[in-house]
Amino acid sequence: MSGRGKGGKVKGKSKSRSSRAGLQFPVGRIHRLLRKGNYAERVGAGAPVYLAAVMEYLAAEVLELAGNAARDNKKTRIVPRHLQLAIRNDEELNKLLSGVTIAQGGVLPNIQAVLLPKKTEKK
C-alpha cells in the first residue's frame, strides 16, 4: 500500500466564484479590490460574494427602471436622462442616491400647486 487513498481525484475545469454563486459581477475582482483598498486587515471568503450580489441586484434594479423610462419615451437606448428619471421617481433609490448628481440627467418635471391656474366653477 502506498497510502494514496481510493482513486485519484482528477481536477476538472476550474469554475469561477461568480459562476459558483450564480452571479454576473466578478467575485474575484471584488475580493482583490477589498484586499488592496485598506478597508480591513483581512477579508473573509463570503464578503466579496455578498458584496457582488448586492451590487448586481442594485444595478439590475436601476437598469430595469431606466429601461422602462426609455420605453415610456419611445427610445431604445438608455441615456443619463432615463437613469435620472428612474432613480428620482423611485422612493428608495432616491433616498440611497440623494447625494448623487447624474451628469446630463436634467430635473424632474414639477410645477408647484400654487402656480397652477385657479379652477373657477361655471354656473
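Even glycines carry a Cβ here, placed using N, Cα and C.
The following features are taken from Swiss-Prot:
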type     : residues : note
COMPBIAS : 1-18     : compositional bias 'Basic residues'
CROSSLNK : K119     : ubiquitin cross-link
MOD_RES  : S2       : phosphoserine
MOD_RES  : S2       : N-acetylserine
MOD_RES  : Q104     : N5-methylglutamine
REGION   : 1-22     : region 'Disordered'
Lowest local Cβ density among Q104, K119, which the record lists as recorded positions, within 10 Å: K119
Quick check for the class: what is the C-alpha distance, in angstrom and rounded, between K119 (ubiquitin cross-link) and the residue listed as 'N5-methylglutamine'? 36
